[in-house]
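Listed in TrEMBL for this protein:
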{"type": "ACT_SITE", "residues": "HIS256", "note": "active site"}
{"type": "ACT_SITE", "residues": "ASP307", "note": "active site"}
Amino acid sequence: MTTTKGLEGIVATTSSISSIIDGILTYRGIDIDELAEKATFEEVAYLLWYGKLPNQSELDQLLSDLSANSAIPTAVIDQMRLYPKDTNSMAALRTAVSSLSLYDLSANDMSRDANVLKAIKLQAQIPTVIAAFARIREGKEVISPKSGVSIAENFLYMLTGDKPDKVAIEALDKALVLHADHELNASTFAARVTVATLSDIYSGVTSAIGALKGPLHGGANEAVMAMLDEIGSLDNVESYVNKKLENKEKLMGFGHRVYKNGDPRAKHLEKMSRALGEITGNMKWYDMSIKIEEIVTGKKGLRPNVDFYSASCYTYLKIPRDLFTPIFAISRASGWTAHILEQYDNNRLIRPRAEYTGPVNQSYVPIDQRS
Ligand code: ACO
């Protein structure tokens with residue numbers, strides 16, 4: 001038996017949803033660079049679920065289905081009011097998404113139509129859950145979702161109660177496009193493993209949220225902002241980064257298991273961070289990020305990944321730091337659910353082996369004879 005630590009290089013399934021070939025990321029064969037410039041998040045979600053871009057009436061239908069499903073049960077809001085005020089936001093999201101299944105009569109209906117509907121419903125409800133949690137912990141009223149607006153606009157509206165400006169909506173929408181799917185990343189794999197037992201879609205998405213939470217995966221965007229806050233100013237960047245590198249500590253937002261010559265999503269977020277810095281008249285976070293990149297790439301050859309510049313972008317959008325990873329979940333919900341549907345369509349239990357490295361030929365020792 002041969003093992004590969006972290007399953008590096010192991011091809012665990014076939015998939016027709018997204019590909020990473022020679023450092024180029026595509027969703028259903030369309031380059032992410034083109035989607036980032038031209039597509040809305042809702043178009044991308046449709047593309048991931050149905051395998052093609054929607055025509056106008058299909059897109060209108062999806063927007064109307066998302067709006068119709070975006071409210072969350074009062075019982076789930078009431079439960080959120082009972083969460084401790086300092087609950088980790090990803091733990092809150094994981095718990096609330098699991099709770100949503102309790103109030104969905106079709107939660108365990110395994111027909112394809114029911115699962116497609118639940119994918120849309122989860123996509124619509126996750127932003128509402130996150131915004132409700134963010135307001136409840138601040139003692140504010142929960143704001144109901146609006147109909148007829150995009151997921152990006154609705155989320156910003158439900159978070160603040162104000163109509164968000166066009167720049168913020170467009171920036172968040174582009175970030176959602178860029179994070180929507182990424183082949184067999186850790187959280188998507190977790191979702192596929194869960195539903196491959198023929199468990200339900202809510203269980204799959206709950207598993208995925210748990211996997212996304214970690215700082216080696218989605219949690220890195222929050223960790224990047226914590227690092228920028230800790231560094232504090234451009235003048236401190238060099239000494240901070242050099243010390244981290246000397247101590248062989250990891251710098252969050254750098255490196256990637258699959259991309260060794262740079263994450264194609266990072267350049268779009270870098271551009272967005274610069275534009276938002278210029279618009280807000282505050283280049284501090286952007287300038288610090290660029291300087292960190294110069295040093296880390298120069299000294300270690302490591303490039304920024306998707307999480308690195310998303311941290312400064314969300315900060316420019318005045319989003320609280322601990323909502324960065326939940327926002328990642330808003331976007332990746334589209335990819336998770338597309339993969340879950342694909343897994344159900346051609347399912348086989350995912351059950352790899354482990355190479356045993358423990359003791360052999362041991363006997364049971366009665367308790368009174370144990371040291
Ligand atoms: N900072 C400093 N050194 C690093 C970094 C980093 N961010 N990433 C990798 N390295 C170094 C490792 O120390 C290791 O060096 P060594 O061979 O001298 O021991 C080498 O590069 C290989 O690193 P691994 O951790 O083995 O690479 P792996 O493919 O297992 O991990 C990962 C990839 C988890 C993304 C890693 O680069 C990392 O921890 N990055 C920081 C966390 C992060 O940004 N995660 C988000 C990834 S993108 C996403 O999930 C959305």
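The backbone N, Cα and C atoms fix where each Cβ goes, glycine too.
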Of HIS256, ASP307 (the active-site residues), the residue whose Cβ has the fewest other Cβ atoms within 10 Å: HIS256
Cα-Cα distance linking ASP307 (active site) and HIS256 (active site), given in Å to the nearest integer: 11
